Amino acid sequence: MEWFKKSKSGIVFQPKKEINDDLWLKCDSCKEIIYRKEVEKILWICPNCSWHFQINSEIYRAILIDQDSFKEIDRDMGSNDILKFKDKKGYADRIIEHQKKSGLMDAVVTGLGTMEKRPVAIGVMDFRYMGGSMGSVVGEKVTRLVRRATAEQLPLIIISSSGGARMQEGALSLMQMAKTSAALALHAEKKLPYISVLTHPTTGGTTASFAMLGDVHIAEPGALIGFAGPRVIRETIRQELPKGFQRAEFVLEHGFIDVICDRRNLKNLLVTLLNHFMGSKIPGQIEKSDDLFIDAQGNLKKKYQASKAG
Amino acid sequence: MEPVEKTPVAMLEFEHPIVELERKIQDMRHFTSTENIEFKEEIKRLEKKLEKLKEEIYSQITPWNRVQIARHPKRPYTLDYINGIITDWVELHGDRAFADDAAMVAGMGKLNGKSVAIVGQQKGRDVKENIKRNFGMPNPEGYRKALRIFKMAEKFGLPVICFIDTIGAFPGIGAEERGQAEAIARNLREMAVLQVPILIVIVGEGASGGALGIGVGDRVLMCENSWYCVISPEGCAAILWSDRAKAAQCAEVMHLTAADLIKLGVVDDIIPEPQGGAHRDPKAMIDTVKEYIVREMQALLKVPIKELVDRRIEKYYAMGSVVE
Ligand SMILES: [Zn+2]
């Protein structure tokens, strides 16, 4: 909590009305009934058992990014029902329904901002939108974010929370795993740091692509992290799963997570790591112009320059 | 990702009438030669009928029928292709960290006299072999063995061929403990920038990250009756309908056939199969696959490697469909 007091950014903390509207709420983990304001005050952590409630992308941004420094990119990108997919309900209808319900265009918000004045490229997944599933939009936005970070020589942070690849886009969802991983390969070649933060839950194609490709992997306490979901595993092997299976602590013990970090220390930890990777000297301003594109060589260009040159 | 319910029967339900009629014709031929009874006219009539029947049945083949064909136990598997196409084959074992995964075959051999590295999932034909091969569902060590071979191929400038045939990476306790997700993710990243040509051939089934974990390449070919998707039809049915029995219905909406995936830009070319599927003439299938692989590899080897890798990355960047 120390960073919180020290920070000059003066965080305005206004979570969306999503958990419920009452004064009291029930902890998902210890089932204790707790005073909502208490939980809110300590960044949606249960004061009784330290369970980290799922929080949305706006709250993460408020916690991590310096006030007024966030510049969202690809804000209006939305999903396309290219397969005309229909199960119990049509995918096209589901898209609209989720957009209305969540106020989001899709399951990730991406952009540039500063953390303790240090410029970063950051993507935050949002579980409210179709369980944070990765379809073409999540893949495309993450890929563009990584390419932007590569072109601008920025460190990259992605906060994941996802049920995996989105079934309604079939093989195209699967290909987003290859696409985001390819972009990360080029980001890594430029010796730029990528820190992956895995929150509850991160499973399936998201874990099996960008969430597991960080230089450092940070998890929130108790987060479910895995490839196959526990239900699928239980049904396949027909035996009970060990206690704590696929929880952050279990995953750390098996060597796939570097640090489990309390949400109150997350910004502090990220800034400390970035200082180790890039030195404590803060680089220049980030390019905030809308008039940008990335050329075939991966360089960031202003559009008017290109049109003059071409 | 899904377990195989049981070993499927050697005859698929929809091809039943064809196989029955073929048997009848064969019996008559047998009688004609051994008992000296003349059935010539009748045989001619039935052969005509058979042709018509085949046309009728195979022209109405559904995506679910293709899934069934892709699972046929007499369909050629990865090692059948390797044995039929590759000379001087040396199989290599182990991920150098934990174990050797028999669900993933890897090694080196010669394609038309030139050395190549080969990786592929391998199913078993009977219960015993399927237990050894884990029904073609690799564990993390399988993906790490594959990566070891990819890096070795890069070191020695050998092009890579991957045969895909899996219903997914194995969903088990050990697989999670040893980082199934990390193993697949790492392969995706490394394959994207591997400095040798990579040719992918989907020969049977291809589901989820378990297939893609050895499936990033310059050219992706798909046998006519194979299928490829983000999840198996059974897995999709379990999640969206809470009923695995709705798999056939799922297959119809998942766009998992070769023709669908060409349209989506996920696959580059379709390898035609013998009429009725590869299991009806495995030898012919293997020869066709060889012909395609040789041709594709010749084309890939003409492109300077830097350009090839750039094109590979651009190809994956272009995949997907969004509204802006
Ligand atoms: Zn609690």
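Each Cβ is built from the backbone N, Cα and C atoms, and glycine gets one as well.
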Which stretch does TrEMBL mark as zinc finger, out of A:27-49, A:50-72, A:119-141, A:257-279?
A:27-49
Other C-beta atoms that fall within 10 angstroms of the C-beta of A:C30 (Zn(2+) binding site):
12
What is the Cβ neighbour count of A:C46 (Zn(2+) binding site) at a 10 Å cut-off, with all protein chains included?
21
Measuring CB to CB from A:C27 (Zn(2+) binding site), give everything in the same chain under 8 Å that is also at least six residues away in sequence.
A:I33, A:I34, A:C46, A:N48, A:C49, A:W51, A:F53
Starting from the Cβ centroid of A:C27, A:C30, A:C46, A:C49, which together make up the recorded Zn(2+) site, report each further residue of the same chain whose Cβ lies within 8 Å of that point, ordered by sequence.
A:D28, A:S29, A:K31, A:E32, A:I34, A:P47, A:N48, A:S50, A:W51
Within 10 angstroms of the C-beta of A:C49 (Zn(2+) binding site), what count of other C-beta atoms is obtained when all protein chains are considered?
15
